[in-house]
Amino acid sequence: MEALYYLLFGGLSVVVAVLEFSKTSKDRISTSAAFNSFKNNYIVVYSLMMAGDWLQGPYVYYLYHTYGFGKGEIGRLFIAGFGSSMIFGTIVGSLADKQGRKRSCVTYCISYILSCFTKHSPEFKVLMVGRILGGIATSLLFSAFESWLVAEHNKRGFEPQWLSLTFSKAIFIGNGLVAIVSGLFANLLTDTLGFGPVSPFDAAACFLAIGMAIILSTWGENYGDPSENKSLLSQFKVAAVAIASDEKIALLGAIQSLFEGSMYTFVFLWTPALSPNDEGIPHGFIFATFMLASMLGSSIASRLMARATLKVESYMQVVFAISSFTLFLPVITSYLVTSSSVKGGSISFGGSILLFGFCTFEACVGIFWPSIMKMRSQYIPEEARSTIMNFFRIPLNIFVCIVLYNVDAFPMTVMFGMCGIFLLIASVLQRRLMVVAESHRSRPQDRTAVKERDDEAVPLNI
């Protein structure tokens, strides 16, 4: 393996370690023992849930391929997963506000465990059922857990600014460290120990079962709107009215969809971008490097959110602008760097530039997750939190399905350029969100309402 990969991974490791161990009192927030116990419990559960997700990622495509399915059939399976998340996941996820967030988190575990079991079958129909179950689980993973955390944090009377600590640490560990370890563990099970490509899914089911046991034994239930006379359709109407009547919520949903749509497109495109001529690149090692860059981003985010004078709405404009530039890099290098037509070999000079750019993008992703969580806790009303969060995922899933269906129809540079434009738009919308939020805070008639939401909906201006 080339020295470039080791230098990049080692350099990022040093930077992350320095950032984590050099935090001063300005970078830390004093908390209570009760909160630390609550935070650590959630992080353990969240990490187990993410381990169940990350273990599957590297081997989904490969497993389908070993069962003899072609690109077209595999593409339909992936589209089914995102389509399920958009349709069924929105309904199931929205039930969390009415039926209980803890119950929905348990439903996530059961759905994903059943999805893992379907991977033992080579039958297309069985695998399709598994993808549908996986799509439902994905919607719950990115809505029910966060909704439970915010409501439980409020119910226990913890300081509002402490919530940002849980967000940043959960992303640092669950979306960074756990992702790296999961990738290495999946490789150990499949290749080193020779258990085959279905073994990571069995391991994922075990981690999910352990997490579910902790949820059942230690978590309390909380609700958005538990009123028995409110139907699911009424819940959808409440969420739609909230989005339509509050510009801040609508802007937040658009920003989230634009960024996450670009992020998922990047997941499909980074491999051919780094090896356009079938260059030999260490995919697993590069994936681990990306996750380390994401850990760097979450570490930076924890410092930024600890600054009382720095608003999330302000620094995220810069983050979106930087991420936009990194996804424009494939377009720029296609004009400025002469590409080789020789097949095979090691990563090219242009590929090396893109690798550094993509690591920067992953660092932006690491900043994005805890920051968007903080803004969601600040602007989304508690009574319809899970429903609104799943509404945000509808345009995202539509976009990803379109990309998957047409991934071979457009040149790769066009796809990256489109994502770069989307991220620029996200930066502009983030600026608008900051302006609208500041104007609402400055209105005398709104100050009382803002204070009430500070107490109830956990705004995190720290």
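The backbone N, Cα and C atoms fix where each Cβ goes, and this holds for glycine too.
Taken from TrEMBL as is:
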- 6-22: transmembrane segment (TRANSMEM)
- 43-62: transmembrane segment (TRANSMEM)
- 74-96: transmembrane segment (TRANSMEM)
- 129-150: transmembrane segment (TRANSMEM)
- 170-189: transmembrane segment (TRANSMEM)
- 201-220: transmembrane segment (TRANSMEM)
- 285-306: transmembrane segment (TRANSMEM)
- 318-337: transmembrane segment (TRANSMEM)
- 349-369: transmembrane segment (TRANSMEM)
- 390-407: transmembrane segment (TRANSMEM)
- 413-433: transmembrane segment (TRANSMEM)
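Remote same-chain residues near the transmembrane segment (285-306) are listed as 1, 5, 8-9, 12-13, 15-16, 19-20, 23, 26-29, 58, 164-165, 167-169, 171-172, 175-177, 179-180, 183-184, 270, 274, 312, 315, 355, 358-360, 362-371, 374, 460, 462 (criterion: CB distance under 8 Å, separation of at least six residues from the stretch ends). Counting Cβ pairs under 8 Å that are 6 or more residues apart, the transmembrane segment (129-150) and the transmembrane segment (413-433) reach fewer than 3 and are not in contact.
Residues 42-43, 46-47, 49-51, 54-55, 57-59, 195, 199-200, 203, 284, 287-288, 291-292, 294-295, 298-299, 301-302, 366, 369-370, 373 of the same chain lie 6 or more positions beyond the ends of the transmembrane segment (170-189) yet place their CB under 8 Å from a CB of it.
Note on the transmembrane segment (6-22): residues 285, 288-289, 292-293, 295-296, 299-300, 303, 355-356, 359 of its chain, located 6 or more positions outside it, place their CB under 8 angstroms from a CB of the stretch. For the transmembrane segment (349-369), same-chain residues at least 6 beyond its ends with a Cβ under 8 Å from one of its own Cβ atoms are 4, 8, 12, 167, 171-172, 175-176, 259, 263, 266, 270, 273-276, 279, 281, 286, 289-291, 293-301, 304, 316, 319-320, 322-323, 325-327, 329-330, 333-334, 337, 339. Sequence-distant contacts of the transmembrane segment (74-96), counting only residues of its own chain at least 6 positions beyond either end whose CB sits under 8 Å from a CB of the stretch, comprise 61, 64-65, 103-104, 107, 124, 127-128, 131-140, 143-144, 147, 224, 232, 235-236, 239, 386-387, 389-391, 393-394, 397-398, 400-401, 404-405, 407.
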